[in-house]
DNA sequence: AGCACGCCGACT
DNA sequence: GTCGGCGTGCTC
């Protein structure tokens with residue numbers, strides 16, 4: 001019975017015959033070696049194939065006795081691929097982050113008595129002894145394999161590490177080579193040429209010369225498993241969690257330490273009943289915090305893409321061997337094969353960081369939920385604030401932590417009385433000062449005087465959002481995209497943040513030749529310059545995707561201001577943080593996405609608990625000082641309060657969580673062609689049973705042209721998962737333009 | 001994803 | 001006359 005095999009490529013599962021002599025049921029979740037484009041690759045068996053006729057190649061060998069993935073995970077990924085019409089291989093590639101290129105000991109022999117003469121001289125030496133496969137040309141070997149004339153033995157080979165040892169060689173060494181050889185004899189064996197060269201204070205070419213002349217040898221032996229992050233002791237003191245009994249529950253609000261203490265109790269319940277726990281976090285900061293709080297509870301493993309391939313493989317082995325009872329990790333930990341998975345904890349389930357970019361565009365919480373169902377595990381949502389989806393689950397919201405907020409409302413009428421509809425004493429109106437309001441400037445000066453630390457969040461990197469000619473209004477745009485070019489003052493560059501196109505900023509306006517090209521829309525560079533002017537001599541750092549200053553002084557508790565984009569929030573809060581400034585909070589609301597205000601609310605709550613103990617002053621500059629999300633925070637409401645309101649609106653407008661959305665993007669280099677294809681897609685959808693209310697659009701994408709492609713979007717709105725899958729069916733075929741589906745779309749902020 | 005095949009612009 | 005741009009198609 002042929003097997004269906006997943007490979008980490010953007011393709012569906014492909015079929016292969018069982019390896020020669022295999023007997024038994026289909027080994028779902030096992031790694032298998034399969035012929036692929038003339039070579040061999042590691043794939044994962046996902047099921048039995050309904051072999052449809054054409055000649056299949058046989059798989060070469062199963063790699064081990066135990067599955068690499070749990071059956072529940074394989075099922076989850078297969079279903080997700082079907083439901084999202086995403087190639088299965090993309091999901092496997094995104095989620096299975098170890099095991100695709102393990103080292104193999106691969107030996108080949110010819111079938112007894114086979115005549116290989118017709119294959120040419122390349123396999124002349126192939127005989128009945130098992131020789132290393134790498135001695136032969138892979139394509140040639142595959143030709144022999146295809147004729148079933150090859151016998152193969154495949155074993156996982158242990159990770160090797162090499163070390164150099166001095167030996168008595170023949171011939172003469174150069175003086176430097178001689179000296180290097182002496183060093184190696186005295187201090188060796190050494191683990192690399194580079195280290196040897198460093199010890200001997202010569203260049204690597206000298207030491208490699210010694211090796212080629214035969215005066216040094218490399219020994220290889222099995223390497224010990226690479227060290228993983230150490231669990232932290234002493235363990236946290238658990239608090240009664242107070243959670244209801246249900247398959248999906250939630251615990252939000254409070255501070256991280258309070259939540260961790262309660263989650264710890266829940267984890268211990270599971271561990272004591274011999275279950276395993278998976279704790280997923282969206283970023284490095286929350287992962288570190290969680291690891292410190294919980295890793296002392298039991299045998300724990302910290303897992304994320306930051307680990308080296310060897311560490312990942314080792315962590316995988318630990319999980320497989322039942323030696324990891326609690327895994328704290330990024331989304332990549334979802335696929336780790338825990339034998340008794342009984343609880344998945346999902347930290348900050350509404351975080352946009354869970355939306356994978358590129359590849360499968362999967363939304364991790366969707367998969368976590370599915371995996372929990374299929375493994376018989378409970379799901380616990382936790383974090384500073386529930387998602388709109390999570391709010392529907394039973395659970396606990398802890399009282400909001402103390403916050404100190406000061407709103408600078410640029411939008412309030414100037415002549416309005418100081419006490420507006422919001423009678424909070426710290427809610428003031430001030431139009432003065434841009435991009436740093438007078439109030440923020442005062443707070444910054446205090447921080448400097450007292451030698452404390454501040455973080456200013458800017459809406460974007462670079463100096464300004466654009467340059468505009470103040471006489472004719474011309475704005476330089478990207479050649480490939482419909483966006484203005486961002487201005488980078490230090491680099492003297494106009495750059496497209498979408499496609500990377502860049503040019504030197506013109507001295508005169510390219511349209512009217514006027515001299516007045518002015519920056520609009522401050523970015524980190526501009527704001528950092530303002531802070532330097534305000535606080536001469538006070539350390540100012542920048543942290544965004546392109547400019548990551550060394551922040552070690554700040555993390556060493558020395559005074560300073562960090563001007564950053566959101567990128568900083570993935571790191572721990574500076575230890576002596578006294579002030580957080582949101583220089584232009586409206587950025588989070590400007591995104592034309594129904595989740596914008598939920599996202600803004602999440603950001604505010606996230607900032608409030610960013611520092612584990614303190615409540616730094618938060619100065620929020622905005623044109624919408626009475627936005628309900630902001631108001632719910634400074635009125636001291638708990639984290640669920642605002643979302644109740646948000647949910648009512650979602651229900652009224654038929655948005656998630658009350659429906660399931662998918663965005664269909666149709667793109668082509670030619671605008672008319674893209675539009676035409678988008679209309680055809682809409683027709684096809686309506687023609688195959690989609691209702692008028694289920695298909696919206698097509699409409700030009702918010703950025704009509706990106707990287708030279710014109711895009712049109714359709715929005716599918718289905719009552720549930722099954723209906724959405726049915727709606728997506730007719731998109732499978734071929735179209736005259738590129739068609740991409742994004743289930744559960746979330747627009748990211750383009751900084 | 002890679003990699004090969006195939007058709008139109010600027011040059012050794 | 002070619003080199004080489006990336007569009008399209010294929011991998012069991």
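Yeah, the Cβs are placed from backbone N, Cα and C, and that goes for glycine too.
For the ranges A:196-218, A:219-241, A:242-264, A:265-287, the feature annotated in TrEMBL as region 'Disordered' maps to A:219-241. Cβ atoms under 8 Å from those of the compositional bias 'Pro residues' (A:223-238) belong to residues 158-161, 260-262, 264-265, 268, 291-297, 300-302, 307-308, 310-311, 314-315, 317-318 of the same chain, restricted to positions at least 6 beyond its ends. On the 0 to 100 pLDDT scale, the model's mean across the domain 'Primosomal protein N C-terminal' (A:657-745) is 86. Between residue A:496 (Zn(2+) 2 binding site) and residue A:509 (Zn(2+) 1 binding site), the C-alpha separation comes to 18 Å. Each residue of the region 'Disordered' (A:219-241) gets a DSSP state, and the totals for helix, strand and coil are 0 helix, 4 strand, 19 coil. Same-chain residues lying 6 or more positions outside the domain 'PriA DNA helicase Cys-rich region (CRR)' (A:478-502) and placing a CB less than 8 Å from one of its CB atoms are 460-467, 519, 523, 525-526, 529, 703-708, 750-751. In the shown protein chains, 21 other C-beta atoms lie within 10 A of the C-beta of residue A:469 (Zn(2+) 1 binding site). In this structure, A:499 is the one among the binding-site residues A:478, A:499 with the smallest number of other Cβ atoms inside 10 Å of its Cβ.
Shown in sequence order, A:479, A:480, A:483, A:485, A:497, A:498, A:500, A:501, A:706, A:707 are the same-chain residues outside A:478, A:481, A:496, A:499 whose Cβ sits within 8 Å of the Cβ centre of the Zn(2+) 2 site. Fewest Cβ neighbours within 10 Å among the binding-site residues A:481, A:512: this applies to A:512. In sequence order, A:509, A:511, A:512, A:514 are the residues near residue A:472 (Zn(2+) 1 binding site), counting only same-chain partners six or more apart with C-beta under 8 A.
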